Amino acid sequence: MGPLLLAATREGLVQVVFHADERTSRRALTRLEQCFGGPPVPEIPHLATATAELAAYFAGELRSFTVPLDWSLSSGFNARVLHALADGVPYGSVAGYQDLADRVGEPGAARAVGAAMGSNPLPVVVPCHRVVASDGGIGGFGGGLETKRLLLALEGVLPAPLF
């Protein structure tokens, strides 16, 4: 999966960033500082919980996250879709973009659901990797398609890669 950057507030985990090299991390931290009006504080208890739960998930030992979430980086339609995803698409299952549009009462908004997935500040924990195309393809993923394939294989939705 590569390095992850985790950020939390006193309310809960607020962001997960894939492929968090120095440049990506710096950009994410600058954005968080702008959103929250101050520099990050490294000792937030939710970070330890999120780190332990993500490690257990990647080891195949955790199917449902309990770390509290801070939804403040999502709003409007995107927040509604992400909540529907978090609450309604469990480990080992998938949903289509159209299905999520229907769940939030916006049947013509499948493309907008795709945009909401792309804006997800909490990938893996809010499982946008479980949203797939209606034509049988796996759709897109902000962490990269190979990462999406690996996550779906971890959950038993796709066969594990041979190499």
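Positions of Cβ are set from backbone N, Cα and C atoms, glycine also.
Nobody curates TrEMBL annotations by hand; they come from automatic prediction.
A quick note: this is a predicted structure, and the numbers were derived from the prediction, not measured.
The domain 'Methylguanine DNA methyltransferase ribonuclease-like' annotation in TrEMBL covers 2-70.
Annotation source TrEMBL lists domain 'Methylated-DNA-[protein]-cysteine S-methyltransferase DNA binding' at 77-157. DSSP states for the domain 'Methylated-DNA-[protein]-cysteine S-methyltransferase DNA binding' (77-157), grouped as helix (H, G, I), strand (E, B) and coil, give 41 helix, 4 strand, 36 coil.
As annotated by TrEMBL, active site, nucleophile applies to Cys128. Non-local contacts of Cys128 (active site, nucleophile) by the CB criterion (under 8 A, 6+ apart in sequence, same chain) comprise Leu82, Leu85, Met117, Asn120, Phe141, Gly142.
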